[in-house]
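Q: A single structure is presented below for examination.
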Amino acid sequence: MSQKHIDELSGVETTGHEWDGIQELNNPMPRWWIWTFYVTILWAIGYAIAYPAIPMITSATNGYLGYSTRAELQQDLNLAKSSQTEFHDLIAAKTVEEIDADPALRKFAIAGGASAFKVNCAPCHGSGASGGPGFPNLNDDDWLWGGDLNAIQATISHGIRFDGDTDSHSSEMPPFAGVLEPIQMKQVAAFVWGLTNTPSDVGLAAAGKQVFFDNCAPCHGEDAKGKVEMGAPDLADAIWLKSRGEDAILRQVASPKHGVMPAWAARLGDTTVNELTIFVHALGGGT
């Protein structure tokens, strides 16, 4: 048997360990601590009986109380949905102009539209709706297909160049690589860039004016401010959808790229489309 070590000062048995002359007393645990430990064991057993706790092969024990966090969540969702039913019904039934004119409905629609935007639109247009190369900035006042409430609603509902919707906006700029000479494409690129910036070659830009009038003005207008009815962009506002610079313009003239936006009406429904319309219009660029 091992010899017991007794502390001379207190008369209490020690653990037998010593660190730099310091010994640890082997006092028993307090009674209250022991009873607390027993209570926690009983509480754990009771919890395992009352609540889902024990994992099985394909499921788990349901517990005596039948509690479920998923059921609780569904109950909360149903409660939240029922409290919003009146607003949702009104938003689905009214026109976007009527919604925008009603302060309470407009506030509710903007909140709902912001939520729907983050889920459905932000992957392309960005969380702040500022867009990116090939994806329009929705905060400015430059709109290919119109920026009033009805125009925004139509674009969201039917999309752009979306094959699954016959009412989708559709416009295509033809490739001019086989129509114009290389020098002519450089001239018109310099001219377009020169509308808002200093062209790299003033002579090229001057010659490109006539090339523009002959080939581009029918869609973009003689003033190069675009035509909403055709989805032709304004080339005189220094806002660029694809990228900036004469080289970028030259590439677009030679072999244009066309973006596609899905039609959201069938996927989201009238209520969410109307909410998105109000939200996008309220970003600041709506006309």
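Numbers run from 1 along the shown chain.
Any Cβ shown, glycine's included, is placed from N, Cα and C.
Relevant sequence annotations retrieved from Swiss-Prot are reproduced here:
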type: BINDING; residues: CYS121, CYS124, HIS125, MET261; note: heme c 1 binding site
type: BINDING; residues: MET173, CYS216, CYS219, HIS220; note: heme c 2 binding site
type: DOMAIN; residues: 108-196; note: domain 'Cytochrome c 1'
type: DOMAIN; residues: 203-284; note: domain 'Cytochrome c 2'
type: TOPO_DOM; residues: 1-33; note: topological domain 'Cytoplasmic'
type: TOPO_DOM; residues: 55-287; note: topological domain 'Periplasmic'
type: TRANSMEM; residues: 34-54; note: transmembrane segment
Q: Could you tell me the mean pLDDT over the topological domain 'Cytoplasmic' (1-33), as a whole number?
A: 79
Q: Against which stretches of its own chain does the topological domain 'Cytoplasmic' (1-33) lie, if we need a Cβ under 8 Å and a gap of at least six residues from its ends?
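A: Residues packing against the topological domain 'Cytoplasmic' (1-33) from afar: none.
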Q: Neighbours of the heme c 1 site CYS121, CYS124, HIS125, MET261: Cβ within 8 Å of the Cβ centroid, same chain, sequence order.
A: ASN120, ALA122, PRO123, PHE135, PRO136
Q: Please list, in sequence order, every residue of the chain apart from MET173, CYS216, CYS219, HIS220 whose Cβ lies within 8 Å of the Cβ centroid of the heme c 2 site.
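A: For the heme c 2 site the neighbour list reads ASN215, ALA217, PRO218, ALA232.
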Q: Do me a favour and check the Cα-Cα span between CYS216 (heme c 2 binding site) and MET261 (heme c 1 binding site); whole Å is fine.
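A: Computed Cα spacing between CYS216 (heme c 2 binding site) and MET261 (heme c 1 binding site) is 24 Å.
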Q: With helix taken as DSSP H, G or I, strand as E or B and everything else coil, how many residues of the topological domain 'Cytoplasmic' (1-33) land in each class?
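A: Secondary-structure composition of the topological domain 'Cytoplasmic' (1-33): 3 helix, 12 strand, 18 coil.
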Q: Applying a 10 Å Cβ distance cut-off over all chains shown, what neighbour count does CYS219 (heme c 2 binding site) have?
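A: Counting Cβ neighbours of CYS219 (heme c 2 binding site) within 10 Å gives 15.
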Q: For CYS124 (heme c 1 binding site) and CYS219 (heme c 2 binding site), what Cα-Cα distance in Å is obtained after rounding to a whole number?
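A: Cα to Cα, CYS124 (heme c 1 binding site) and CYS219 (heme c 2 binding site) are separated by 26 Å.
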